[in-house]
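*Asks:* The structure that follows is given in the form of structure tokens.
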Amino acid sequence: MTVFPSAKPSSAAVPNELFDPKALAHRALAGPPFTKEEMLALLRDPEDPEVLHILCRAAHLVRLKVFGNVLVLRGIIEFSNICRNDCLYCGLRRSNRNLVRYRMDEEEIFAAVERAIRMGFRRIVLQSGEDGAWHPDRLVRLVREIVTRYGVVLTLSVGELPFEAYRRLMDAGAYRYLMRHETSDPELYARLHPGTSFGVRREHLYTLKSLGYATGPGMMVGLPGQTLESLVDDVIFMRELRAEMAGVGPFIPHPETPLRDAAPGSPILTLKMVALTRLNLPETHLPATTALRVAFRDNPHLPLLCGPNVVMPDVTPPRWKVHYDLYPGKTKADLVDDGENVYAYWERQAAEVGLVVD
Ligand code: SAH
Ligand code: SF4
């Protein structure tokens with residue numbers, strides 16, 4: 001086994017096997033659960049590349065054990081960039097007047113689903129801002145139509161809705177719901193989300209879970225004012241929720257938001273959090289998120305080798321996807337030309353690191 005000399009912990013309270021990939025992977029699969037102190041010890045030097053290496057090897061071993069070498073692809077259709085919310089970090093926030101707004105209608109969405117299916121996708125994610133014109137009744141009809149007409153596995157990521165709407169959407173055939181908790185630090189959450197609170201977000205997530213959705217929380221890494229401790233709390237929050245999916249990506253400042261001058265989230269720390277998430281939630285679907293792939297544009301294989309088992313390529317029609325500008329780099333994350341088959345592109349990417357797509 002490779003030895004990582006400089007990664008040895010200095011504190012006697014931290015056992016050496018915490019810094020050994022195989023021991024870490026074994027612990028992740030057999031328990032007991034990692035403690036907060038252990039996770040903080042692993043993150044003590046956030047930028048240390050050797051600990052990153054150890055965490056990634058451990059997380060990759062766990063993903064191979066649980067999911068084999070399969071990389072799950074879900075095509076994401078971003079069907080509206082209109083949003084009533086004003087999240088401080090997001091380029092779609094309602095106060096951003098310098099954004100071309102669009103809303104696809106049913107026919108355009110069906111055409112996008114059909115195009116994705118032709119490429120090879122069998123799983124579709126519908127994502128949008130919190131767009132009032134997409135009333136729950138209309139969403140329910142859309143979901144029912146897509147599921148019955150095309151037989152795809154459908155994930156929703158359309159923000160907070162009345163609780164009864166979640167139930168109706170599930171009855172209509174929605175299987176999974178992505179709603180990041182963004183940060184588990186209640187003060188930071190309140191600062192970033194005018195007019196709402198972490199408690200509200202938590203309630204939505206637990207409601208989705210209790211209704212039977214495969215539930216997907218997640219957080220940004222490197223938000224201004226975020227601490228390492230709160231990042232560990234994020235992982236524990238997702239572990240307690242028993243999240244079926246977990247979206248972890250770096251914060252990337254957007255020039256048309258109040259956080260334009262904030263420092264971006266560290267790619268290395270973000271990747272460590274991805275690996276730690278895999279170690280704490282071995283069976284959770286963990287995407288190599290778009291923001292993570294943007295941060296590792298120069299080393300695109302690395303995120304695939306740190307625990308993720310999912311990629312969600314953008315299959316929004318090219319004329320609209322350039323306007324789904326959550327953060328810089330987002331709209332050009334997949335390095336494919338507009339006419340190119342992004343499913344085939346990911347088949348090739350997966351093969352380069354010994355994975356096969358499903
Ligand atoms: N409106 C829905 C879905 C679209 S936003 C919702 O909020 O759930 C999807 C995700 O994009 C958010 O959960 C957030 O974590 C991420 N995001 C938004 N702005 C970002 C930024 N500046 N950097 C990194 N991720 C960002
Ligand atoms: Fe709207 Fe989602 Fe962006 Fe918040 S993160 S402003 S809810 S699109």
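First residue shown is number 1, and so on along the chain.
Keep in mind that glycine also has a Cβ here, set from the backbone N, Cα and C atoms.
According to TrEMBL, the protein has these features:
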type    : residues            : note
BINDING : CYS83, CYS87, CYS90 : [4Fe-4S] cluster binding site
BINDING : SER157              : (3R)-3-methyl-D-ornithine binding site
BINDING : GLU182, ARG201      : S-adenosyl-L-methionine binding site
DOMAIN  : 69-293              : domain 'Radical SAM core'
*Asks:* Should the residue listed as '(3R)-3-methyl-D-ornithine binding site' be counted as helix, strand, or coil on the basis of DSSP?
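*Replies:* The three-state answer is strand.
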*Asks:* Just the binding-site residues from CYS87, CYS90, SER157 whose C-beta lies under 6 Å from any atom of ligand 2, please, or none if there are none.
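*Replies:* The binding-site residues passing the 6 Å Cβ test are CYS87, CYS90.
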*Asks:* Quick test of your reading of the structure: among the binding-site residues CYS90, SER157, ARG201, whose CB sits under 6 A from ligand 1?
*Replies:* CYS90, SER157
*Asks:* Between the binding-site residues SER157, GLU182, ARG201, which lies closest to CYS87 ([4Fe-4S] cluster binding site), Cα to Cα?
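*Replies:* Going through SER157, GLU182, ARG201 one by one, the closest to CYS87 ([4Fe-4S] cluster binding site) is GLU182.
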*Asks:* Just to be sure I understand the packing, how many Cβ atoms besides its own are within 10 Å of the Cβ of CYS87 ([4Fe-4S] cluster binding site)?
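*Replies:* For CYS87 ([4Fe-4S] cluster binding site), the 10 Å Cβ neighbour count is 21.
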*Asks:* Show which residues of the chain containing CYS90 ([4Fe-4S] cluster binding site), separated from it by at least 6 in sequence, have their CB under 8 Å from its CB.
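*Replies:* Spatial neighbours, sequence-distant, of CYS90 ([4Fe-4S] cluster binding site): CYS83, HIS254, THR257, LEU326, TYR327.
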*Asks:* Here the binding-site residues are CYS83, SER157, GLU182; which one has the lowest number of other Cβ atoms no more than 10 Å from its Cβ?
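*Replies:* If we count Cβ atoms within 10 Å for the binding-site residues CYS83, SER157, GLU182, the smallest count is at SER157.
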*Asks:* Taking the Cβ of ARG201 (S-adenosyl-L-methionine binding site) as reference, which residues of that chain separated by at least 6 in sequence fall under 8 Å from it?
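*Replies:* Once residues fewer than 6 apart are set aside, ARG201 (S-adenosyl-L-methionine binding site) is near GLU160, MET179, HIS181, GLU182, TYR189, HIS193.
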*Asks:* What kind of secondary structure is GLU182 (S-adenosyl-L-methionine binding site) part of, going by DSSP in three states?
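*Replies:* In the DSSP reduction, GLU182 (S-adenosyl-L-methionine binding site) maps to strand.
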*Asks:* Which of the three DSSP-derived classes (helix, strand, coil) applies to ARG201 (S-adenosyl-L-methionine binding site)?
*Replies:* helix
*Asks:* Around the recorded [4Fe-4S] cluster site, report the further residues of that chain (criterion: Cβ within 8 Å of the mean position of the Cβ atoms of CYS83, CYS87, CYS90; site residues excluded), sequence-ordered.
*Replies:* ASN85, ASP86, TYR89, GLY91, LEU92, ARG93, ARG94, GLY129, GLU130, LEU326
